[in-house]
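Student: Input: one structure, supplied below.
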Amino acid sequence: MNNPKWTPAQQAAIDLKGQLLVAAAAGSGKTAVLVQRLFKQITDVDEQVDVDRFLVVTFTKAAAAEMRERIGKALDEALFGAAEPAQVEHLLQQRALLYRASITTLHSFCMELIRQYFYLIELDPAFRVADEAEADLLRQDTLEDLFEAYYGEETPAFQSLVDAFGTDRDDQPLMASILRLHEFAMSQVHPGEWLEHLPAAYDWHSLDDLMESPWGQVVRQGVRDKVEEGLILLERAYRLAELPGGPVHYLPVLEDDQSRLGFLREMAEKGTWSDIETAFKSAAAFPGLPRGSKKNLPDSLIDEENSKRLREESKKARDEAKKKLEEIKNTVFSVPLTDQLPFLNKMGELVGTLAQVTQHFAREYQKAKRQRNCVDFSDLEHYALQLLAKDKQPTEIALKLQAYYAEVLVDEYQDINPVQERILQLVSRQEEGKANLFMVGDVKQSIYRFRMADPGLFLRKYGEFPHYQEGGGAAPNLVIDLNQNFRSRPEVIQGINYLFYQIMTEGAGEIIYDEQAALRPGAKFVSDGELRTAEGPIEVHLFDPKAIDLSLGQKRGAEDAATGADSPAKGEGEEFEQNREPESGDDESSLEEAETARIEARLVAARIQKMVLEREFQIHDKELGDYRPVQYADIVILMRSLASVASVYAEEFQKAGIPVYAETNSGYFGTNEVDTVLSLLKIIDNPRLDIPFAAVLRSPLVGMNGTELGKLRSLLPQGDFYETLVLTFWAGDAHRQEEGHEFYSEIREILGKHWESLPQLEVKVRHILETSPEIKEKVDAFFPKLQEWRHRSRRTSLADLLWHLYEDTGYLAYVGTLPAGAQRQANLRVLYDRACRYEATNYRGLFRFLRFLEKFQSQGKDLGNASIVGEKENVVRFITVHSSKGLEFPVVFIAGLGKKFNTRSLSSQLLLHSHLGVGIPLIDIENQVRYPSVIQYAVKERLWQEALAEELRILYVALTRGKERLFLFGHQHKLAEAINKWRSLALSCPDTAFPDGQLRGAKTYLDWLGPALVRHPEDLFKLGSFPTASELPDSSSQWKVILHDQIAGKGPVQEATSSQDEIILPDQETLGEREASEETEIPGETEASGKTEIPGETKNSEETKTSEDKKNLEAQTPETADLDTKNLQEEVFRQLNWQYPYPEGVNQSAKTSVSELKRQSLWYMDNEYSSPSSSSSSSPSALSAPSFLRPQFIVSRKELTPAERGTAVHAAIQHLPLALWRDTWEELAQEVRESMLQEHIDSLIRREILSAEQGGAVSVSQLKNLLDSTSGKRLWEAEEVRREVPFTLSLRLRAQKEPVLVQGIIDAVLLSHQEHEAQVMDFKTDNLAGVPDPELVLTQRYGLQLGLYALAVERLLKVPVRECIIYATSLNREFVMQREAVQAALESVVIV
């Protein structure tokens, strides 16, 4: 194995023995350390432990596979260098043992253990693991059966439970509560015991005992937090009052307020409940502010406007402090505790019944799984525990495993739950001197509490174990901190440190961010003066959605909040509702969220386009070993959740021309293709379902339109569509109602139902069919198919039925022809796969499958669209922060930082906590009234604190994904006001970290980010210098704040340096001419669009027709008609005869490519002297034949077209590592150069940039000739080379009246910063062998193209182009065209 230079802490983690907890920060190389530790013990001469005697537990199967691969690679490298026969034999043996080594997830380990000892727990050895969908359905069925039994028994306790937790309509809320409670209990080591102890939380006889309990301590903490927030606000009010011109007469009252709240905080800390109540009554009694006008300045120096502002802001801060105490009153003091005690005991009885029913359900569910011979995922862990422990002591199996495993290594230890922790303890040795548990993780990245992960397990060891000090030795239990980051640039690391030193505290984030936790730069990024590498500040983009008009992209007006970076305090802005949690079904809130997301998406898209199209900076490509420009695939957009905004972002990115892919867990069932197939399945199962039936009739499966559907419905206004379909199929045909007809029974059933009105119905049917025969055709085609499918559904499997429907209807092929066809087909295949998996369970049948899907959706669950994007595709990816964990990306955008944290889970009447148990309200069953309980408040408060700590860690995970650049985006209502608030919060904090109470009061990520950035010494918000900014850790970190008051591209943005540039560069003169023509053009005098123009004839013909129409209208108007009627008729006539005034814009292309322009110019050159008749038949069209991708059966052939070979050569040249080879190329022998180039081609194939066929089409000699040629010398010697430079220009073509967007990609731009000039280089693979004058041919073919390239470089890069160079690979020769020469070719087509 290679011997990297390990840091002292890493070496200690590799060498030391005992029970070790390695706190490995983001990017610290934890996986490499774990692999090296394992490898060292396998290969050490003294130890030489076989690899299968280690248990390596990973979080995912992918991580296990990667670990196994890394160990295998290390063994292979060791084998290559081994000299001794014994060593070779040992390594070969380890290579063979590797495939049976226990490198696995904990679930897989438990599975193997159960399969080995199944007989001890009386489990069938052929058991299978039910997937989550099957388990959900089985749980639901079991619980419904259990409820039926309880209802039959009519027990009062159960009835009280139903009355307390059900509704007046059903008992679904109670069922949901029991399922949640059962799931939560199964994450405990002893679920039964945990459930039995739940009523104890409600058994209290003394207030003092309650207040000293864990629940009481949480209540105290909640009061302290709110009081602390109130004190911060009062401090702000006080500071405003004492400013020059401020309301100094407020100061005595504010001092008294602070004193009373301070006393309340003290009592909440250590007083009795009576003390707290008394202190609260005093604190909440805010006296009125004095009305005096005492001032601290002479009248001559007072600015009345400023004085009024200070008075209002001071009063507002005090009013907000009052609200904090109002929140305490509405929660802790809403019902006096003395009144709660007797109710709490009654609630304890209710909780006891709930626990008993849940335990009963657990037993019945276990029986149901045994009957089906399946287990769920929680069973795997609990069965393993059953095998490993008895009466809480290790079994023989556990002792055997402890003796067998040399060491147990656990990755991602911060994400395990108590059950998993117990399993690991039982299979590892714990006694001093023999401990062999090695744990790796980072509690700052523990973000899976919703999966029952308990970061407290990590934190307890982290706090109790001694920490390794450099030079120190081993200890029985030891923490080793790895904080050197080998992933990110120093600018990224310093920014992360600067932020989290201030906002991650033990009270708010459950761990303090200190010197041990802070990241230290370890990655090496070469800074080449000739390259624009990615070092730069972390950008923070903020906007007020209420201040931007989305339709215009401009700020709404002077009445809106001022958001300028230079003067955020000046504008008051409109009063907008804020800090309101969106409620379910709140359409206005949802629309507002969508509009905010759309604004943010446009801002993000503009920033990405600027970065990519303008080649703003280069990133380091590890595989290439060189720097290259940013590509879309290098960019990821992280969000807390994609559910509600992914589609909005995708839509805006597509408009901006940015390829994008969002992998979500929603939206699948809402797609048209899936909805149509599910509707078809529903009517196959039950044709009486009208809504699905109508959906199928309107779909391409039948093809009826709305009118036809209406005519069908008119047959039986009170019936259903199935009956109308049968009647239409029958249509009075006597043969079809005879007994021998294949659909006799179906037709006779419907005819018999409507026997009395049958004659009238027959008349109706015949009338419809006479007037609309196409209805009969469609019904005759569909009805027999429907009957055949219904018959098939009863005798074939669900999966077979579904695939038969795809083939029989051709629907799978049909959706492939629609836009996004590949995605639609993938979605339908996912549905088929879901049907296959469903039938692998004990459930069968179409009805049950549809019922399963309905329940799945009714629980708010969904599936994401099928993934059709590969890892190597050049697209911007949207992923959630949770999905990004463990990954890294060159450029990271973090969006949605202004979105409020989701607190919906805290609104449930049943709250669950592993230590505090169940929190329910005080329920008056008789009167059906609920009151908040102190236990519920305590559980809710603790859950909120833990949720906030997790949100803080989620932010840390998001920020640490970035390797080279970070861009943060968020919205803030009343942005100017918020910035002032952030400043006040920052001023009131004398310490490095903000107070816990303030941090726990956050509603959005910006509530943490804003105050921290305000303190930065660079004065990011232009508010004036901050007193203690330079004393903050990592205060030298680089940040840039951009405050947007308009959407990028529509107007300027205000920021510390410069505004964003335009991406598309329009021809200003052309736009001006267009505006002038619009002002002077008269509607009605333009030619109608869509007609072939015959010179001298069209206009007169149209005028004649218009005149005749007008005369006909006048002739039909009675002479007695009044003037208003005639005017109305003239207005109707005018509107109906209106013609679009700019027909030329309809018939021309709005966007074209350089290649298309080149093709058209060549056609005009070839046809300049052709006859009109010949030219009219072959002239180029804006709607030329599309160029489709080659079919797979052609692509897979070895032969490539010349164009495909040219593309392959261009790709190989584009990715040549010029900077890496520049200094050594001339010194290398020819065979070494050829070997390097061959490896370069092979690398492109491995990275899927080239296919194997394309790689074979690239000649090593071609690449070597280029690098050794005059053109190659230009590339080596250029100060900066930019390859594959995309551009978009707005140009006025001589052949068109309207401007057109022209897009293209330049092969290479060679920049000389010293001379301030550029050269354009284009690589051509045309076969020019035998051409007498290749220079003339290339000039004629590509003069226009190079002229456009030169124009693009000069406009985009603001650098004059000296000359254009064509390198012909077939001739190994360059041809130089001066700027003046290509200009002539350009001006023949473009108005410059």
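Glycine residues also receive a Cβ, built from the backbone N, Cα and C atoms like all the rest.
Pasting the feature list from Swiss-Prot:
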BINDING   Ala24, Ala25, Ala26, Gly27, Ser28, Gly29, Lys30, Thr31  ATP binding site
COMPBIAS  305-319  compositional bias 'Basic and acidic residues'
COMPBIAS  569-583  compositional bias 'Basic and acidic residues'
COMPBIAS  584-594  compositional bias 'Acidic residues'
COMPBIAS  1088-1113  compositional bias 'Basic and acidic residues'
DOMAIN    3-489  domain 'UvrD-like helicase ATP-binding'
DOMAIN    556-886  domain 'UvrD-like helicase C-terminal'
REGION    291-319  region 'Disordered'
REGION    556-594  region 'Disordered'
REGION    1051-1126  region 'Disordered'
Student: Measure from the Cβ of Ala24 (ATP binding site) and count the other Cβ atoms within 10 Å, all protein chains considered.
Tutor: 28
Student: Let me check the 10 A CB neighbour count of Ala26 (ATP binding site). How many other CB atoms are there?
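Tutor: Cβ-Cβ neighbours of Ala26 (ATP binding site) within 10 Å number 23.
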Student: Please work out the mean pLDDT for the residues of the domain 'UvrD-like helicase C-terminal' (556-886).
Tutor: 78
Student: Where does Lys30 (ATP binding site) sit by DSSP, helix, strand or coil?
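Tutor: Assignment for Lys30 (ATP binding site) reads helix.
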Student: Would you please pick out, from the binding-site residues Ser28, Thr31, the one with the fewest other Cβ atoms within 10 Å of its Cβ?
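Tutor: Counting other Cβ atoms within 10 Å of each of the binding-site residues Ser28, Thr31, the minimum falls on Thr31.
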Student: Enter the number of other CB atoms within 10 angstroms of the CB of Ala25 (ATP binding site).
Tutor: 24
Student: Relative to the Cβ position of Lys30 (ATP binding site), how many further Cβ atoms are located within 10 Å?
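Tutor: Taking all protein chains shown, Lys30 (ATP binding site) has 21 Cβ neighbours within 10 Å.
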Student: Determine which residues of this chain, when Ala24, Ala25, Ala26, Gly27, Ser28, Gly29, Lys30, Thr31 are set aside, have a Cβ within 8 Å of the centroid of the ATP site's Cβ atoms, and list them as they appear in the sequence.
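Tutor: Neighbours within 8 Å of the Cβ centroid, excluding Ala24, Ala25, Ala26, Gly27, Ser28, Gly29, Lys30, Thr31: Val33, Asp442, Leu482, Asn485, Phe486, Arg487.
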Student: CB neighbours of Gly29 (ATP binding site) within 10 A?
Tutor: 22
Student: Tell me, how many other CB atoms lie within 10 A of the CB of Gly27 (ATP binding site), whichever protein chain they belong to?
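Tutor: I count 23 other Cβ atoms within 10 Å of it.
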